[in-house]
Each structure stands twice: as C-alpha cells, then as structure tokens.
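Pulled from TrEMBL, these are the features on record:
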- 16-36: transmembrane segment (TRANSMEM)
- 57-77: transmembrane segment (TRANSMEM)
- 89-112: transmembrane segment (TRANSMEM)
- 133-158: transmembrane segment (TRANSMEM)
- 164-186: transmembrane segment (TRANSMEM)
- 198-225: transmembrane segment (TRANSMEM)
- 245-263: transmembrane segment (TRANSMEM)
- 284-309: transmembrane segment (TRANSMEM)
- 390-410: transmembrane segment (TRANSMEM)
- 416-437: transmembrane segment (TRANSMEM)
- 449-471: transmembrane segment (TRANSMEM)
- 514-534: transmembrane segment (TRANSMEM)
C-alpha cells in the first residue's frame, strides 16, 4: 500500500469540473435570491431583509442552523484532532445533545414568547439599553475573531489541492458570499445555506466511504486505531491541562455549545424567523442530529487517515503533530488509490459550501445587530428605511473586508479547531452569562449584568489569548502513542514541543474545552454577587415571561401576576407604529416599562 505522507495534492480536470459546477450552482442560487430580494420590498423593509419576514420554512432554517456552526473549521479541524489525539473528542456530541435540550426547554421559550427581532432586544426589556449595547459589542467582537477562521479554512484546503494563493482564494470567496448576503438578506442566506450544507454532507460522506475502502474496510480502521490507543473513550481525568478528556469533551462541549446555541444572534435570528415555537424546536432538533452526524463523519475521516498512514509504513512526513492540511491531503491520497477522479472536487466544494454558509450567516447576523441593537436600541438613531437598508449592506461589506485582513494573524496560529473554539469562547461565554443572569436571577439588575459580562470577557479573553500566545511560541500537547510498527521505523522523528509546559502560566495551559465554562462561570458569579449588593429591584421588569419557565415557581409573586405585561406593551407599540417597513419594536419603549392598568 502506498505511503500517506501529508504532502499529497493536485487537482485534475474532473475535479475542476465537479468543483466548478457545484460552486456555480450554489452561488447562482444565492445571487438569484439576491436579485429577487433587490426587486421587492426587501430593499425598503429591513425586517424582511434581516429576518425573512418571520415566515421561513422549518427545514431550510434547520439546514441554515447547521451551516451556522458546522463550518470548514469542523470539517478540517476535527480529523486532524482525531489523528493527533484520538477519539476522545468524539464525546463532544453528548455535549451537543445536552445543549440542544437545555436551549429547547429554557432559552427558546423566552425568545419565542416575546417574538423579538433580535436576541439582544431581550436585554433592553430585562435590564436597559446599555446592557443591550454591551452584549451587542461582545457579539461583534466574537464574530470579528471567528470570521477569519471561516475564510482561512476553505482557502487553505484550496491551496493544498491546487496551489492557488490563500489570500487570492479568500478574496474571491468573500466577494461572492458578500455579494449575495448584502443584496438578498436572510432569505438568500437560508436557501443558499440549505444547498451548501447538502453539498458539505455529500462531500464528507464520500470521503469517509472511499477512505474506509482504501484502507481495507471498517474493521481495519477500528483495529489500527485500537492498537495505537486512538480508539479511546475512557480518559475521564479531571486534569484541565490535558487537551482531550471525557469531562472536557462532554462538560466543556456542553457549555460551549450552549453558549453558542442559546443566545448567539446567528442562531436566535433563525429561531425567530420561524412562525411558531414548535417549528423552532423542530428546527433545533434537526440541527442537533445534523451537527452530531457531521462531527461523527469528520471523526471517522480522521481515523481512516490514521489507518492509511500506519498501513503505508508510517512515513515521517505524515507523523503527528499534523496540521489542518490533513484531510485535503488524505482526499487526494484516496482519489489516487481508488482511482476516483472528481472526489477532490466534491470534497472541496463541500468545504467551500460550509465556509460560504457560515460566512453568510455571520455577516447577516452582524448587520442586524449593528442596525437593530446598536443604532436603534443603544444610540436611538433612526434613519429612513432605504438609508438603513444601505447601512446594513455596508456593514456586511466592511466586515467581509476586515476578515480578509485578519488572515495575517490566523496564519500564525495552529490547529483551527482549538483556535476557533478558544477565540469564540471569549464573547459567547460572557454573553450567554448575561442572558442567564437575566433569565435566571431576578435580583440582578443592570449593574450586575454589566459587571458580570465584563468579568467574564476579561477572564475568558485573558486565558484564550494566553493559550494562543503559548501555542504560537511552540507549546503543543503531545500526540497519543503510535503502533509498534511505527516505533520500529528507524527514520521516524517525533516533533517535540519547543516550550517547557512548566514555564508557562498555569491558566495559559488549559485545554480549549475549559475556556467557555470559565468565562460563563465568572460572568454568573460576579453578576449575581454585584446584583445582590448593588442593584435595586425594578418592579417594571418583574414579568415572569422574561425568566426561564422552569424557575417560575421560585419567582416573586408579583412576577406571576404581571406575566405577559411587557409582551402586550410591545404588541401595542407594533400596532401603533405607522410605518410597516421599520423593524424596530422597541423604538418607543423607554428603558423603564410603565406598569399596565391590568395584569394577568
């Protein structure tokens, strides 16, 4: 069997044809919806542009939810993680399932009951517009850090397979995606995401099947992984410095995914684009299954690549620690062994589809946050609908260009899965903590919420940036053991870490799984304590519908008596608003909601 060296690459004529056809169909769909949206009221009606009129269909929204998270980072990062550190990471799917259950029973009912245009509008209802602004800026920070990763991964895969310059590929990708996102809004994003997510699953599934056949079948993959200790799910160590443990994958994965799925505008924007809570929960369930399937397929691809390397004689060029070029190299290897022209084209189209869908979802959500939450909610500035529509599209373009510039930084970091998780945990954990304080701690007011959010962002940011600096300096977790055949290979040279772990500050050696839990815990603890001592209870905020349904029995009596009061005030303001093109439902509501004459 030929050696797998991690240097494989090359794109044939069939690959270019397949890739070009699939990507053209994907982009054509986005541009078509953009053209339709540009000729209709979407130019004038910002709510239709950013939320699809709150009348989207369940399955396309569910596919878009999958696309929002399962990006090229997952497709390329997960196999490399498994190749280096074994299958312990696969337990993160347990965390995914648990997080979806929590979101469906706790967070989603609040958003669906209030029927808001932005998740951060909740914070103005529960606290004030300043807390809303803090969360909005944290979200934008989160996406500015995450966007370059989304762009870098497909560009890296294209570079590995074709040799094209990373920045040139990224520029074309941003131009295409930015065009249909800016013009078509959420409708173009959701329907294009559906197609791109389908292409992504097809590409990864074909690679998993062909790769398994190339190395001799399912039993061969299992046997090779078991012999080298990579088929391991039994490491339940409590040491937080180990990169992959059962507790890290399950608990850390659960809290990270909850932070992302529960209150992140990219996800909530899709939940509330559906007409009912039942459909939103259905879409969340489809997302849960799809995300677990995508992660499992990527895990299997990593195991198949490991089996190919071992069976090929453990060539030193393919030895751990490998980087995120693993899967593109393995795809080329499989295509050559199995004589499958076009396989690399399908795979690359899937990676591009995943990247484009994640990019479009983030850009559209950022446009909504800038206009709705920062300009309308915090600055209280309103412009003509046409001007606001142009502003939303301008935000999309500016973010797309800035993400290209950030690629210079991303190239210096290693292991996109860990890097993306660590960076996105900075803002997502503190933002989720603010919402959790609002929905679960009735004694917390604006002071506690802002103090908690700042504390969580500082803690998570310090640890995240510290770990990335240590990694860039050469600190890397050692890979798992090899098989006996690899040890006998005289030409094998292991790449050791160039930094002594004991010389690094302990918090900067934490596994990336624990950064989100740390930020979330800091936010809730600081916010709850500050709120208890320094916040005064505002009776106008004591509406049970602002809190988790599961804690209603413990709420003060007046909260139950006032249940639905704020929602009725919002509905009244919407009816009284003469311009149907304006999506702002809080424009005429002050930070302090007046007490209604009647209450339930």
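Backbone N, Cα and C define each Cβ position, glycine as well.
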(message) Short question: most Cβ pairs under 8 Å with the transmembrane segment (89-112), which of 57-77, 133-158, 198-225, 284-309, 390-410?
(response) 284-309
(request) With Cβ distances under 8 Å as the criterion, find the stretch in 57-77, 198-225, 245-263, 390-410, 514-534 that has the most pairs with the transmembrane segment (133-158). (result) 390-410
(request) Tally Cβ pairs under 8 Å between the transmembrane segment (198-225) and each listed stretch (57-77, 245-263, 449-471, 514-534), then give the stretch with the top tally. (result) 57-77
(request) Would you confirm whether the transmembrane segment (245-263) and the transmembrane segment (390-410) meet the contact rule of 3 or more C-beta pairs below 8 angstroms, pairs 6 or more apart in sequence? (result) no
(message) Counting CB pairs under 8 Å, which listed stretch among 57-77, 390-410, 514-534 touches the transmembrane segment (449-471) the most?
(response) 514-534
